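Undergrad: Let me give you the structure first, and then I'll get to my questions.
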Amino acid sequence: MAEPAARHLSLPSGLLELCALLGASQDSLRGLEQIAQKRGVKSASSLVPEVLSVFVPPFTTKEDGQVPGASCALGKGRRRSFRKKREKPRMEPWKSHPGDSKGPDSEDVTIPGGVDLLALPQLCFPGCVCVASEPKEDYIHFLVLTDVCGNRTYGVVAQYYRPLHDEYCFYNGKSHWEPSVISARCFVPFAVCVVSRFPYYNSLKDCLSCLLTHLKLCKDFEVDNHIKDFAARLSLIPSPPPGPLHLIFNMKPLQVVFPSRADPESPIVDLDLHLPLLCFRPEKVLQILTCILTEQRIVFFSSDWALLTLMAECFVAYLHPLQWQHTFVPILSGQMLDFVMAPTSFLMGCHLDHFEEVRKEADGLVLIDIDHGSVTCSKSSDDNIDIPDVPLLLAQTFIQRVQSLQLHPDLHLAHLSASTDLNEGRARRRAWQQTLNCKIQHITLQLLVGIFREVKNHLNYEHRVFNSEEFLKTRAAGDQQFYKQVLDTYMFHSFLKARLNGRMDAFARMDLDTQSEEDRIDRMLISPRRPTVEKMASRKASPLHITHRRMVVSMPNLQDISLPELPPRNSSLRIMDTSNCRSSSPVLKVTPKSTYMFKIPDIHFPLESQCVQAYYTDFVTLLSKAMALLGPGDSLLLARYFYLRGLLHLMQGQLLSALLDFQNLYKTDIGIFPADLVKRTVESMSASERAQAERTPELRRLITEVFDKHGEAPKADDAVKNFELPKKHMQLNDFVKRVQESGIVKDAVIIHRLFDALTFGHEKQIDPETFRDFYTCWKETEAEAQEVSLPALLMEHLDKNECVYKLSSSVKTNRGVGKIAMTQKRLFLLTEGRPGYVEIATFRNIEEVKNSTVAFLLLRIPTLKIKTVAKKEVFEANLKSECDLWHLMVKEMWAGKQLADDHKDPQYVQQALTNVLLMDAVVGTLQSPSAIHAASKLAYFDNMKKKSPMAVPKTTSETLKHKINPSAGETAPQAIEVLLYTPGRLDPAEKVEDAHPKLWCALNEGKVVVFDASSWTVHQHCFKVGSSKVNCMVMAEHNQVWVGSEDSVIYIINVHSMSCNKQLTDHRSPVTGLAVHNGKKPSEIYSCSLDGTVIAWNVSTLRVISRFQLSYGDLLSISLHNDRIWCCTVHKILVVTPQGFVRQELKHPKDASFLAFQLLPEEQQLWAASTGVSELYMWSLKDLDQPPQKTYLQDCSEVTCMIRVKRQIWVGGRGLSQGKTRGKIYVMDVEKVTVEKELVAHLDTVRTLCSAEDRYVLSGAGQEEGKIAIWKVE
């Protein structure tokens, strides 16, 4: 893997990319003197600006003072050169004067790619360079610069005035003209522009404010030196990594704070997000957000250049994580106005003086006047631009929440004593702003979640398809235009890609945090969604729900929304009383996350290499001291210190130290690991450095990891397809894909049955017309269920979570005329005339279902007869042509309910519902005499009941309590690899729902699903720990779950945040076991890997306490007992000291392979199972040399796992039951060493077992079934 030669290492840049001084040229100033003498200052008020000086890092070179041990490969990559002749005789690499490029004194200066020096003067003086007769106040404004690749850099410009006096010597210290009285009354503007890769608007404004105090006092020939010194300081300040650590630097006289981004997915927010709320009413804010969401051509106007960029950036920040991807030029100078004629979407800004000119000349623009708080459209475009309204309920909630904000710091600070310290007062204001920013981000994110929450219901993740047509059907009529425009944007397309890629960004986190219990339950359902009775009732009760789907009444304009007792402008003065609307939008109580400050050491002489190295040394020392003071629970903060220290070691040329610091990020926060920088660092190392790194175990693994991951072929950025009906004939595989894309059903096995039904009696392919008819039938049934109008009295008879799935036509029954309705639980009659409710039967109580006929005059009318257990009278309904279908459907639901009750598995009812609805659609599609016979192919449970009725054994039924399906919603079941139960606890750091007990379920490829064990609903739907098989899980302390993987990594999951941001990479082969002491709060965890390595870890610090290597490989698991580590290998069980000395060996009596073992200290027993045999062996711990006692497991073909529960051993495997192979559990009585119970657990092998507080045992099945069973412990 060694590189043939060290490569150039481009070091990460600091805050500064470029610093420039701009103003009028020397020739212009000479002319100004002459004009001013003749005509006065007013006649010479306008000059042409240009770049006078450019300062680009690095400001010190290796030649100035080489650091011992620094790699010769270190250096800055050159991006673009700018050549100018200089008037000074001495060459300086950090500075350039634009001018004549001819002559021998020209040089190269590296200019950042996103900075166009030709356009920079116009942007730094967007109005003009105006000479003044008296000094003016300093003026700061902000720029966003974009290169041809779309990469943005950010500029902060400070304009200041200097007198044009008699010894003007700005360039080289020489006087150029004679003193004059008039020139002394001239004040000429100059600008200093700082360009950074990071949008530190407030921070860089503070820095420039400090610089201006020096520039005003210095002499002309000293200006460049001051700016150069200032630029060098900024270039040495690193950008803080994402997270809670902010950096603070003493710029004198101000302490300047550089905030970090909240997380790697979030932008840096260093501006006052409430500025738009001071300038626009909330309704206008929504309108502007809509313009951005629909990607209009937008132009901001203001008489204050500074507000243009700040306002545009605020609105873009409001829409995070959605991103504006088009042209973004917040400031246009007068010479750039033709930019607004661009035909594509853009967001630009102009001075208010140009408002009328732009309005008249350009068509189709949205014009936003910041000064007057108005939003209008340019000429002759009112008919062309249709700015739709945000959905009404979301708009009302947003407005109420915005009006509840306190937008004035004076109100917050009124009760505080006056600050006598400048920086203390600034810190107070900053804390207030941080809290307000957090609330505003929360409000806008809630708006986005409300707008797009249900998009996920119409996504197919397997084939990356979005069914926009069906999504639009679920939107209210008045919201159609809004969604149609939004769905057609690049912004929304990128949002869809992020959802399909499973990105856990701010949107996904809030969606998860705010989902209702019903949403959590819905995620576990495999049957199609329908509105519940409770939702139907609330739809009727609430007048706000008049906007529900398929309404024909249009929405009112957003501007017309009236909210009682909420005056629009008062919101910025005080907290509003929102008691009237509290039920729908309570006042937010958002607490920003805790942040920490780290003070950067002073940089005394930033242009001297030795002083710069001393600064790096001081910085490293301060970081190391801060790290030493941290407690074991401060891993997030520790990670930031490691990151910064790693960067500083790179600057010092200490590559090995840098890599060791970056390697520590695996144990503290892998989320900020700079993989690309580490890879480039390794590539830049000399042969000797690389060899030294390879000799360090931690770095050897780090290098392998980074190069392996980067060696993988980059995944294609798969586009999102919009669902379309097929246009060609489909074979089985294509049909499966199309049905999954449509969102009708995902389970491939069910789709295979559907294929057989639709092709019954025909060639085994489906034509486009049949598919279209089937899809239409399905969607029409879905729409009918959405529009069912149920009488109010019905709510008293049905459960709140029941849904009406099917309604018959109006029929005559022996209990009245009406429509038969089917829910997942029962059949009932909706009587006509006077609306009423007559219960027919619950599926549990059905005793018999018959399809017969009754005579009427000369006709035989098909009739459905249903007999129930509790009632003597048989229900009869003259269903006529619908009779055969209802007969099939009722029998399938009855069979599904019986299976659900027998197996304690509600998923059977959900699957029966899916089968029933598919039957209905098949009959509606085929409309032929054979349609019913074709539909019967889908009556899976009824057919199974007829062909091979299997009674659940009594012992199994009595012990089994419940079953859950972690693979619900997947295309096929997945094997359960490992289960872990963690008890609930009420921790101040946890939300109430987080305090519930949890069940952690590891599926294939590193997927982990977390269930709330108090309700068995999904708590966290599938996150990843690597991409390999999970072998073991254990709980450490109360907030960590450790996961051992086949890829040799231990992943650590934070229980509070449900994130996996730590990894232990010390093992070199698959991690096979994790063990903790049985104490309440284990301080140590032992891990083992297949190669025989055993490592003891400190849980708090994640440091290795001890490690040893067994001479035997194939280490399968470990257990702790009596200060010894018991190790199970394939061939032996070993008793080992914590130091790694083997004290005892236990061999298999038949030279077979061990599979697992369990220790029972109270009974002084050791139980072991073997691979491929159906016997258990029990040794006495008193004398392991004695031959073991053997127990034979009847009808067992394989043992796969075993656990100890109280005074029992539960053994999982597979064996015969009623002539078929099933997953089985044997419960062993440890005293009698006999089988106490034999449980028929699953359709597939029992793969794993775990105990829940010794009250329940949970078993996980193989891939054929993929379910979890919950068993009561006697």
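Every residue, even glycine, has its Cβ placed from backbone N, Cα and C.
It should be emphasised that the depicted structure is a prediction, and the values quoted were computed from it without experimental measurement.
As annotated in Swiss-Prot:
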- 76-88: compositional bias 'Basic residues' (COMPBIAS)
- 89-105: compositional bias 'Basic and acidic residues' (COMPBIAS)
- 75-245: domain 'uDENN' (DOMAIN)
- 268-400: domain 'cDENN' (DOMAIN)
- 65-108: region 'Disordered' (REGION)
- 520-970: region 'Linker' (REGION)
- 1059-1099: repeat 'WD 3' (REPEAT)
- 1103-1140: repeat 'WD 4' (REPEAT)
- 1234-1273: repeat 'WD 7' (REPEAT)
Undergrad: When you scan the chain for residues with a C-beta under 8 Å from the repeat 'WD 3' (1059-1099), skipping those not six or more beyond its ends, what do you find?
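TA: Distant Cβ neighbours of the repeat 'WD 3' (1059-1099) are 504, 632, 635, 666-671, 697-698, 701-702, 705, 1023-1025, 1031-1038, 1040, 1042-1053, 1105-1120, 1125, 1127, 1129, 1136, 1138, 1140.
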Undergrad: For the repeat 'WD 4' (1103-1140), what are the same-chain contacts with Cβ under 8 Å, counting residues 6+ beyond its ends?
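TA: Hits for the repeat 'WD 4' (1103-1140): 1032, 1066, 1072-1073, 1075-1078, 1084, 1086, 1088-1097, 1146-1148, 1153-1159, 1161, 1166, 1168, 1184.
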Undergrad: Would you kindly list the residues that approach the repeat 'WD 7' (1234-1273) from elsewhere in its chain, counting only those six or more residues past its ends and only Cβ-Cβ distances under 8 Å?
TA: 904-905, 907, 952-953, 955-956, 959-967, 972-981, 983, 997, 999, 1001, 1004, 1013, 1016, 1191, 1193-1195, 1198, 1200-1206, 1208, 1210, 1212-1214, 1217, 1222-1228
Undergrad: Can you tell me how the residues of the repeat 'WD 7' (1234-1273) break down into helix, strand and coil by DSSP?
TA: 0 helix, 27 strand, 13 coil
Undergrad: When DSSP states are grouped into helix, strand and coil, how many residues of the domain 'cDENN' (268-400) land in each?
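TA: Here the numbers are 58 helix, 23 strand, 52 coil.
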Undergrad: In the predicted model, what is the mean pLDDT computed over the domain 'cDENN' (268-400)?
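TA: Its mean pLDDT is 93.
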